[in-house]
Amino acid sequence: MLSQQTIDVIKSTVPVLEVHGEAITRHFYQTMFTAHPELLNIFNHANQKQGRQQAALANMVYTAAMHIDNLGAILPAVRQVAHKHRSLGIVPEQYRIVGTYLLQAIKDVLGDAATEEILTAWGDAYQVIADAFIGIEQDMYSEAANQTGGWDGFRLFQVAKKVQESEVITSFYLLPEDGKSISSYQPGQYISIRMQVPGQQFTQIRQYTLSDAPGKPYYRISVKRESGAPDRPDGVISNYLHDHITEGSLVELSAPAGDFTLDMEDQRPIVLVSGGVGLTPMISMLNALTESGDQRPVTFLHASPNGQAHAFRDHVNRLAQEHTHLMVHFCYTAPSDADLQNEFVYRQGYMDAAWLRQVIQEPDANYYLCGSAAFMRSVYAELLSIGAASDRIHYEFFGPKASLSPAAENV
Ligand SMILES: Cc1cc2nc3c(=O)[nH]c(=O)nc-3n(C[C@H](O)[C@H](O)[C@H](O)COP(=O)(O)OP(=O)(O)OC[C@H]3O[C@@H](n4cnc5c(N)ncnc54)[C@H](O)[C@@H]3O)c2cc1C
Ligand code: HEM
């Protein structure tokens, strides 16, 4: 238990640390990676270079510190991170390393302002926060390992089938190399894949959402090739998967994780909204709903640049023909000549409030949203404006979680 005095010191210094937040975490990562280069095997280097991970960790530590006397109030946020940590294989010993370098960074950046009292209070508070994460992650590790077909850490899978779904998205069907069963999962969950790419010094870990309904003997992931813009390098793992991972290749996977899952209890209609490769969780959810015979109204909205980039179009259209309670609408921002000649129906343009109002029959629904950060911010605001309740808009970032509020555009 922290003393009231420690709690007061923490709460009064959070604003000071927030001012220096990114400087502290940047310094923290630099010193930690210098002393423990082995940790570069688990951190995403692209996120580091773009400062995305720094922002995520800093925000989480300050949020936790503000709620230090009632961490239960931020339990959903802690669980979301714990899912990610569990899929990465983070262990308690690493919390000690993070704590040491975080505290050192606070001391180095604040200089004389970091009194002994402040440093002791933050050391104690970090321990409380770390213990909360470690406890939750321990339960998650046990659950993942002890369920039927479950496992601990990473397990070898073989690519049984590779299917091109569009010009930019390819699916990989993965079977466990040991031939044993695999754990089930909830639609919307992801696995982490760990790879050693030739020419790269460190192993790389990335998350990919399982794109089919659970209950199959395989896991399927559907990966978009991340081609770098002129001033950016090509994505390391997505390109390696597309170009070098073939049927028969072996890859290492964590057990499924994640809290972006379909709420099967609530009987409201369901609206699945995706942009680009953000459709992978929606396909898993849609398949699970249609395969289970669920009769709730489902609206499937998908935005893509054009028909060539658009994955699973025929599949979704076929489901819409078979299930009268499923409504499907597509939006193309840059239809190709082939699209313009096609009799296939899509809206040309963006998902704006006027159009969403037309296609969503019952706004009192559960919404599931996934796509680029810019897409989600825009659609989130439009959904609120048509009367969607914010606590029923569930969303997933394909990177460190960030805010969807307009003020957070640069995060
Ligand atoms: C929960 C979750 C689920 C996901 N599900 C899916 C899914 O179903 N399908 C899918 O395709 N993806 C999914 N992703 C995204 C996926 O994990 C990867 O992030 C994605 O494939 C890119 O990985 P990469 O190794 O190809 O790119 P990286 O090498 O990690 O690069 C990522 C981006 O950063 C840019 N970049 C790299 N270095 C720099 C630099 N120095 N400066 C500026 N920019 C730089 C690259 O150009 C690229 O655009 C998911 C992510 C999460 C967190
Ligand atoms: C109390 C301590 C910690 C806090 C508050 C914290 C917070 C976070 C947050 C907020 C994220 C982003 C989650 C998301 O994707 O939305 C994250 C991801 C991550 N964390 Fe932690 N973390 C802590 C400890 C650790 C430790 C001990 C390690 C291991 C050394 C670790 C390694 C990672 C990695 C590798 C990622 C993913 C990075 C990426 O994909 O860029 N974290 N953490």
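The backbone N, Cα and C atoms fix where each Cβ goes, glycine too.
Among Y141, Y173, Y185, Y190, only Y190 appears in TrEMBL as part of the FAD site alongside F397, F398, G399, P400. Proximity of the recorded positions Y29, K84, Y95, Y190, V277, P281 to ligand 2, judged by a Cβ distance under 6 angstroms to any of its atoms, singles out K84, Y95 in sequence order. For ligand 1, the recorded positions lying close by, meaning a CB under 6 A from one of its atoms, are Y190, V277, T280, F398; the full candidate list was E137, Y190, V277, T280, F398. Candidate binding-site residues: G276, G278, P281, G399, P400. Fewest other C-beta atoms within 10 angstroms, G399.
Looking at Y190 (FAD binding site) and V277 (NADP(+) binding site), their Cα atoms lie 14 Å from each other.
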